[in-house]
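Enquirer: Okay, these came from Swiss-Prot:
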- 31-38, 154-157, 191-194: ATP binding site (BINDING)
- His38: active site, proton donor (ACT_SITE)
- Gln62, Gln160: (R)-pantoate binding site (BINDING)
- Gln62: beta-alanine binding site (BINDING)
Amino acid sequence: MLRVLHTIEDVREQTREWRAAGSSIGCVMTMGALHEGHLSLVDAARRECDKVVLTLFVNPIQFGPSEDFDRYPRTEEADFRALRDRECDAVFAPATETIFPLGERRIDQVRTKVVVRGLTDVLCGPRRPGHFDGVTTEVLKMLHIVDCDRTYWGEKDYQQYAVIRAMVEDQGLPVKVVPCPTMRDVDGLALSSRNTYLDSGQRAIAPRLYAALRRGARRIAEQGIDVIGETTKQIAETLLAHGFDLVEYVEVYTGSLGPAVAGTPVEELRVFGAVRLGGARLLDNAAVADEVGG
């Protein structure tokens, strides 16, 4: 039976009870508007942990002033129904004031914030100033509240996963950060709550992002690191030709977000892309290792 919890005290009471019974705890953190990608994380936690908690919180401090906080989809009752079907044990759905009692609504208003340097200086970091600081500040707080053993993150938002993994390691937290494969629609589009922003014409274009990134990853797998510059340029040109409004970046990094330098094994590389299409900002990535020998 799904327990719906709204206060920090209720969550801590529940996790203490589970701990006393010797249960392990897995946590999936979301902003709601759940889809099969989120639910696959619940399934992964269910397989590996005795108890599963999902957090459902649209975190205001990870949004910039001109971003989509106000229109981000909120489907709480549908989310609860989906979690009951997946046999999730508890959902923590706090009010904004519960997590930020001082009235913080932007990262620059937060008294104590968590900054992961280096990993947030590439890819989405420069394009969304303060975004990752807002993510890590809220996630660290949730980890302290939920007291889980394992936390599960999708590889679609790979930079977010890498940043959270680094934060947990740097803080010495006794939590394992578990990456999970990106869930995709039948045409290859990565599942995302923001896909609802796309109209039918844009939805037909959107899968071409992953297709282009995969082709680039395959070329790097076949021809090596020396073709990265030419390959990323060609991907960006292809995406614009296919109808995307803006290509924010197409870049290649290692799985730990290090640079692709001479001597780096191609199997360690990923091709990352971010584009704008209508009112949606779409992210995806392709692992070169998946294309080796393909």
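In case you wondered, yes, glycine gets a Cβ from its N, Cα and C as well.
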Enquirer: Which one is it, among the recorded positions His38, Gln62, Gln160, that lies nearest to Leu191 (ATP binding site) by Cα separation?
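Expert: It is His38, whose Cα lies nearest.
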Enquirer: What are the non-local neighbours of Gln160 ((R)-pantoate binding site), defined as same-chain residues 6+ apart in sequence with CB under 8 A from its CB?
Expert: Phe132, Val135, Trp153
Enquirer: So for Gln62 ((R)-pantoate binding site), how many other CB atoms are inside 10 Å of its CB?
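Expert: A 10 Å sphere around the Cβ of Gln62 ((R)-pantoate binding site) contains 23 other Cβ atoms.
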Enquirer: Would you kindly give the Cα-Cα distance separating Met31 (ATP binding site) and the residue listed as 'active site, proton donor', rounded to the nearest Å?
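Expert: The separation of the Cα atoms works out to 10 Å.
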Enquirer: Would you mind checking how many other C-beta atoms are within 10 angstroms of the C-beta on the residue listed as 'active site, proton donor'?
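Expert: The answer is 26.
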Enquirer: When the number of other CB atoms within 10 A of each residue's CB is tallied over all shown chains, which of the binding-site residues His35, Lys156 has the maximum?
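Expert: The residue with the densest Cβ neighbourhood is Lys156.
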Enquirer: Excluding near sequence neighbours, so keeping only residues 6 or more apart in the same chain, what lies with its CB under 8 A of Ser193 (ATP binding site)?
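Expert: Those within reach of Ser193 (ATP binding site), by Cβ under 8 Å and sequence separation of 6 or more, are Met31, Gly32, Ala33, Leu34, His35, Tyr72, Pro73.
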Enquirer: For Gln62 ((R)-pantoate binding site) and Gly154 (ATP binding site), what Cα-Cα distance in Å is obtained after rounding to a whole number?
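Expert: One finds 18 Å between the Cα atoms of these residues.
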Enquirer: With DSSP assignments reduced to helix, strand and coil, which class does Gly154 (ATP binding site) get?
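Expert: Its secondary structure by DSSP: strand.
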